[in-house]
Every structure is written in structure tokens, then in C-alpha cells.
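S.K.: From TrEMBL, for reference:
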DOMAIN    B:3-182  domain 'Electron transfer flavoprotein alpha/beta-subunit N-terminal'
BINDING   B:R202, B:227-228, B:241-245, B:258-265, B:N279  FAD binding site
Amino acid sequence: MKVLVAVKRVIDYNVKVRVKPDNTGVDLANVKMAMNPFCEIAVEEAVRLKEKGVASEIVVVSIGPKACQEQIRTALALGADRGIHIETDEEVQSLEAAKLLKAVVEKEEPKLVILGKQSIDSDNNQTGQMLAALTGMGQGTFASEVVVDGEKVNVTREVDGGLMTVALNLPAVVTTDLRLNEPRYASLPNIMKAKKKPLDAMSPADLGVEIAPRLSTLKVEAPASRQAGIKVADVAELVDKLKNEAKVI
Amino acid sequence: MSILVIAEHDNSSLKQATLNVVAAAKAIGGDIDVLVAGENVGAIAEAAAKAEGVNKVLVADNAAYGHFLAENLGELVAEVGKGYSHILTSAGTTGKDFMPRVAALLDVAQVSDIIRVESADTFVRPIYAGNAIATVKASDSIKVITVRPTGFDPVAAEGGSASVEQLDVVKDAGLSSFVGEEKAKSDRPDLASAGIVISGGRGMQNGENFKMLEQVADLMGAAMGASRAAVDAGFVPNDMQVGQTGKIVAPQLYVAIGISGAIQHLAGMSDSKVIVAINKDEEAPIFQVADYGLVADLFEAVPQFEEELKKVL
Ligand SMILES: Cc1cc2nc3c(=O)[nH]c(=O)nc-3n(C[C@H](O)[C@H](O)[C@H](O)COP(=O)(O)OP(=O)(O)OC[C@H]3O[C@@H](n4cnc5c(N)ncnc54)[C@H](O)[C@@H]3O)c2cc1C
């Protein structure tokens, strides 16, 4: 079966994020960018499905500026077969991303679409669910285990009270949580090979989708910073402070 | 304006988060209806009807909603919600699961995880794991919103007298079915709404050692939490994870033990009123947010903490 994986280029998760002085956003100039960690997990899961003989082809798609091709190449080096780049310099919000991915789903007809549960920049946690709704597919969000079984997929989900397993008809959408797998690193030979794998570029207009954001960001501020408090000498002082100063016990 | 709040519950009781979401709805202003969807939810509907500020409770009681499958809830909420100006639910795992489907079905954007209401169309939400706070304006005619419960003080659970109306809308998309669940059972308070939270990290070394924290937690009436590293290592179950991708907590007292204080962890607890950190590394970033820091080996400090607490509690 064919698996479609969506990946997003975001600020590297180790980078200390700084708000721009004019409060228009976050400073991304000269900042290290990387594949969103949840998307790495999505790619890894697809590659494992291929290694198990469940997936036959892995198509990886990314939406955004030219530079996204770096993340597509990374996914190709990790084991994806073919890339699709939907190129735009405009801000793409979740609903539009879902519409673009829907157009790709209609062309590619994958049996399974795997996405990260959220991107660590906008922290929205929306695109996979929106794609599932627009394409009339079932969804297994926040997945910690994915088992394809004939025409169904069983997805174990990390939920507030613990774990929950659902069975979905295929085709279906899965969004990854942290414990689904541990992504591998790309080897140098595979990075070289990935350069020759096919990568198609297209525009949102080619897919018949208009980019018209519904949300506008009025300002972006740094959070109220917390002041470091004091160091206590021992446990007795700690308990005394909690009881008599902070009055929280 | 008319606001539809989707209640969060587990078919046995109404979750406190619903009261926080009603508070967010009050901040927007307008008539507030609450939709209770689930199976055998009569008592929950009654509880919702008593919440302060609720106008009407709508009940969709059917096996199709029993396990909160997003495919079914999404269709239900999109249909019931289309007459409202705002649709709100809590940003728990159920709300995060079905709400984007509602937005997509209505062809509107969703505003996720709001912590403040500026006006009926402008909301404040954290981005980049809380390292930046964005003010966003939504232009769609229906605003679909998930609410971070810790951002809003709950409305009173008692005192209201809303009418209760049964809906006979049954949406079974036929796309998904429930297979099973593993619910962590605990007599301790709910992590998301507890007044005191005690969390352990990789420094705890194994699951067995968490028993030390459990004893302290029980003494203080605290909920138990953990860092991602402790969950990944299998010390404790996933539903204990606090952070950017786990639970967001803001208790009166948060005690971090053997946790370094990575930004992804801070994203889940830095709004706590008082933070205590016990860590043997005096350079650990957790000390930068801690009100009271103790540089010590936790295997000595935690048993002492228990003894000292016994003296004063
Ligand atoms: C996309 C993404 C999402 C993430 N989401 C989350 C999230 O939601 N929540 C989360 O917590 N993390 C999250 N993380 C992981 C995060 O980056 C850190 O790796 C994690 O929080 C570290 O956990 P820790 O502090 O327990 O472990 P460590 O960083 O290893 O720290 C262990 C600490 O224990 C101390 N220690 C060790 N032994 C002792 C002792 N005997 N006595 C006292 N102190 C001791 C050490 O000094 C150290 O400070 C996420 C990461 C990514 C990439």
C-alpha cells in the first residue's frame, strides 16, 4: 500500500526562541531550521511499515518556501521514495494546509496518511484532523502504536486518562505522538542516494487551492518571565518556607 | 452572540475543565449553551445545568458518542454548532481530537489553546512551547476554539438552573470503532486540576523509586506528574507527562524532582504559583524558574522531605 507522509520545516527544537523587538513575530533570521520532531516520527513509522512489507511506496510532501526541499531530502534519505513540494512563500495556516494535502491525497490515493500531531512552532494540533474530515477519513491521533490489519488499521492513542485503541477503515489518517518510535539518523550513503530520488514541485494554484488566511496575528510578545527565587540550604528550610512564607501547604 | 460549549466528561462525571471553558465563554459574552455528548449522560447533563452562567444544556445521548470518537463527534458538533457564533471546548485530548474536524466541516479556522479573551474575535495563545504569546484575530463567522483550562478561573459548579433539552441527532460516520482502553487508575487528584503536583524526572532512575514520590504525594494530597524522559524510559504511564506535548498544569505548588527543566517541560508548568525544584545539579535550568531550589541528591532529600512534612501536616 502507498503511504503519504507530510513533513514541516520548523525552527530546530533546541533553539532558544526570541520574539522580534517590533512584536510582529519570532526571529527566524539565521536560526537553525529542521524537520518538526513529530514529522520525523511520522517518516520513521512509514519506513518501518515499508521494512515490514506493509507499505510499498512512501511519498513525502511538504508545504512552504523553497528551503522545505531540505526536509523533503532528509525524509528521502531516511527511506521515503518520492517527494512533493508545494511551494509558497505565504503563511499557510492549518485549514489551507489540510486543503492542499487533500488535493495531494486525491491525486496519490494513499491508503494511509501519517502526520505529526502538532508542529512545535504554531503548536496548533489541527492539520491531520482537518485533512481527515475533508477527505472523509477516520483518524488515529496522538498514536503510540499503529498496526495495519487487512483493510483496517488499529491505532493506540495517548489520551488524558491513559491509552485508547481505535480501529479505522483504510484509507485513514494517523498523527504521531512522541512514543510511537525513535527516529533513526540518515546515513551518509543514503543522503547521497536521496539527492537522486524524484522530487516534484508545484504551487497551491496547481492544486486549485487559494491561500487566504482566516487568522491574523496582531502581535507576538515574550511571555511574562518568571524570576528565579532562592536556594534553600536544606529540606527543613524548604518545608518552613512552603508553610510560613508561600503558605501553600 | 451565542456560544456553544462542548462539555468534557468521561460518561461518569463532568470534568472541571468544562467550568473553565464556560468561564472563557463568559469572557466572550453572550448566551452560553452546553452540549453534553456521550452515553448515559443524564447525570452529567444535570451537573452541567447547575454550572454558573449556563443558559441551556443540549444532550446527545447515544452509543455512537460513548467513546468520543472524533468522526462521530465532529459531525454532531458541526451540525449543532452551525447556528452559534462561537464553539468552545477544552484543549484536552478529546477536544484536540474532534474540534479540528468541526472547523474543517464548517470551513473555518480553529484557534487552539487560548489562554485569554481580548474580544469576541481576538484571542491570546501561546506558541513555540510558550516561548512566545500571540494575539490572533479570527475573521470567520463561526469561531471554533479550544481553551487551555489553566488560563481561566472556573465558574461556580453550583447555583445555575439551565434547562435541559434532548437532541435526537445521531451521527455515526462508520469510519472508526472503539477497540479498548487502558486507563490508569488512581485515587489521587486529577493532574490537570490538582492544587499540588509532584513530578519526577529521569533522575528518579526507575519506576520503583517513584513510590517515594507517591508517599509524599499522598501526604500532601497531590497529583503525580513526570517529565517526558521518565515516561519514555517506562518509569510511569504516558498520562503523567507534563509539558508542551503532555498536560498543562498550573497548581498552587509544583514540585519538580530530578527534572532538568527543558523548555518543553517548562511549557507545561511554568504558570504554577509556587515552584520547588530538587536537583543535584546547581546549574539545572529548572532553578531559573523555581521559587525554592534545593541542590541535593533526591534519594536523600525526598525521604527527609516526607519526614519534615509529617511534622507540619
Ligand atoms: C518535540 C518535543 C516535545 C517534548 N515534549 C516534552 C514534554 O511535553 N514534557 C517534557 O517533560 N519533556 C518534553 N520533551 C523532552 C525535553 O526536551 C527533555 O528531554 C525532558 O524534559 C528531559 O526530562 P528530565 O528533565 O527528566 O531528564 P534530564 O534532562 O535527563 O534531567 C534529569 C535531571 O535529574 C537530575 N538528577 C539526576 N540524578 C539525580 C539525583 N540523584 N538527585 C537529584 N537530581 C538528580 C539531573 O541533574 C538532571 O537535571 C520534548 C522534546 C521534544 C523534542
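Any Cβ shown, glycine's included, is placed from N, Cα and C.
Those TrEMBL annotations? Automatic predictions, nothing curated.
Fair warning: this is a prediction, and the values are worked out from it, not measured in the lab.
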S.K.: Taking each of B:R202, B:Q244, B:A262, B:H265 in turn, which of these binding-site residues have a Cβ less than 8 Å away from a Cβ in chain A?
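M.R.: Listed binding-site residues meeting the cut-off: B:Q244.
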S.K.: So among the binding-site residues B:R202, B:H265, who's got the most Cβ atoms within 10 Å?
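M.R.: Ranked by Cβ atoms within 10 Å, first place goes to B:H265.
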S.K.: Taking the binding-site residues one at a time (B:I259, B:A262), which has its Cβ surrounded by the most other Cβ atoms within 10 Å?
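M.R.: Counting every other Cβ within 10 Å of each candidate, the maximum falls on B:I259.
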S.K.: Counting Cβ atoms within 10 Å of each candidate's own Cβ, which of the binding-site residues B:Q241, B:Q244 comes out highest?
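M.R.: Max Cβ neighbours within 10 Å, all protein chains included: B:Q241.
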S.K.: Which of the three DSSP states, helix, strand or coil, fits B:Q241 (FAD binding site)?
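M.R.: B:Q241 (FAD binding site) sits in a strand per DSSP.
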S.K.: If you average per-residue pLDDT over the domain 'Electron transfer flavoprotein alpha/beta-subunit N-terminal' (B:3-182), what number do you get?
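M.R.: Summing pLDDT over the domain 'Electron transfer flavoprotein alpha/beta-subunit N-terminal' (B:3-182) and dividing by its length gives 97.
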